[in-house]
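Below is one structure, written out as structure tokens; comments come after it.
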């Protein structure tokens, strides 16, 4: 075995069983920061458990396992998992697995409170020892199946999950508002150096408002009916009106005095997202039917479904991928120092460059935390704790858990409808608050 290869193997072992930063084995891979490497590994843990939960909620996968795994029934009996491993599937199993994952991240959140330097023993545990942490995660997830009085546990844990899921949604919305402000601020600052940024701002703003108006017209066409769907008409009018109001507020003289960078680009971004949430809410609402010509006719639905099961599976798959993409974005972006300080109403200056460390035969690692941590370890784990609860509630269809299946993730339920509709109003309120707070508290925002 060549020395370079031996060193690379040693470094990977040090990553799994020690405090060394993890990196890929290929030396041609781009440089990676130590902080990024750590967050990637925790994200991998998170996704492994999430995929497991999706499999547990899929009768299709369960049937395929029964048909293709030899001695499946005998294996289930030896594991005392019930007939055909019934205790390892369904919403109760997802609750228990997510309980273990939530406990794992919550314990690490407590463990890393007030960690300010990466040279301490707690920081070393956070950044390394991945094999032992993976074993600990598996033990936590398995431990949920051995809790006493499980009926009472599931009932209490459901409400804990709902509270954590709602808090995670609020973090998602705060990130969106922060993203809108940052985009507008970055492009507005470019105007000082090149006037073409004016054209770019105007073009993007026009495109976004066109998308928002087009989405509103689309929903009026397909999700309203002269004889039914009163809630659809009401909320389309309310949300469309609120988007118009915040757009006017963003360019009003009183707001511009205290926040000169405020403009239509932010309100356009918020309007597009509110229209997306409104569409998602209306699509998640239980179907309505009216009697016409002696027949019950389904109204206020988009006629994409041609009756093919494959088409439904494709739509569900795309929706699930978008959902988990948003979850990962919220978990990772909200834990950067720039985002966490922005959520507190402060701004972080541009970062500095860091020294590289060459890992023989593998990827370069930039040790960017030698002078101190660049993000809050405690907050990082807490966001993943909330993300675990959000995954649990979403995969089990929130409060309609008993008949939940992953194949029916996009089917209608009132709980999902109200959660998404409330998210629209929270998003608009947060954006409106960021516009008004500099005017209400000018001393806090003075340079």
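Note: Cβ is positioned from N, Cα and C throughout, glycine not excepted.
The transmembrane segment annotation in TrEMBL covers 40-58 (among others).
The annotation transmembrane segment is assigned in TrEMBL to 93-115 (among others).
Look at TrEMBL and you will find 127-147 (among others) tagged as transmembrane segment.
What TrEMBL records for 159-177 (among others) is transmembrane segment.
According to TrEMBL, the transmembrane segment annotation covers 197-222 (among others). Beyond the transmembrane segment (197-222), the same-chain residues lying 6 or more positions past its ends with a Cβ under 8 Å from any Cβ of the stretch are 184, 187-188, 190-191, 232, 236, 240, 243, 263-265, 268-269, 271-272, 274-276, 278-279, 282, 300-303.
Distant neighbours of the transmembrane segment (234-251): 212, 216, 219-220, 223-224, 262-264, 266-268, 270-271, 274-275, 278, 281-282, 421, 424-425, 428, 431-432, 435; these residues of the same chain sit at least 6 beyond its ends, with a Cβ under 8 Å from one of its Cβ atoms. The transmembrane segment annotation in TrEMBL covers 234-251 (among others).
As annotated by TrEMBL, transmembrane segment applies to 263-283 (among others). Listed as Cβ neighbours of the transmembrane segment (263-283) (distance under 8 Å, sequence separation of 6 or more from its ends, same chain) are residues 176-177, 179-181, 183-184, 187-188, 201, 204-205, 208-209, 211-212, 215-216, 218-219, 223, 232, 235-236, 239, 242-243, 246-247, 249-251, 300, 302, 410, 412, 416-418, 420-421, 423-424, 427-428, 431.
The transmembrane segment annotation in TrEMBL covers 314-333 (among others).
Marked as transmembrane segment by TrEMBL: 374-396 (among others).
For the transmembrane segment (416-441), the residues of the chain that approach it from at least six positions outside its boundaries are 166, 169-170, 173-174, 176-177, 180-181, 235, 239, 242-243, 246, 249-250, 254-255, 257-259, 262, 266-267, 270, 273-274, 277-278, 280-282, 284-286, 345, 397-398, 400, judged by C-beta separation under 8 angstroms. Residues annotated as transmembrane segment in TrEMBL: 416-441 (among others).
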Stretch contact, the transmembrane segment (127-147) with the transmembrane segment (93-115), Cβ-Cβ under 8 Å, 3+ pairs: yes
Same-chain residues at least 6 beyond the ends of the transmembrane segment (93-115) whose Cβ lies under 8 Å from its Cβ atoms: 45-46, 49, 52-53, 56-57, 87, 122-123, 125-126, 136-137, 139-145, 147, 150, 154, 157-158, 161, 164, 373, 377-382, 384-385, 388-389, 391-392, 395-396
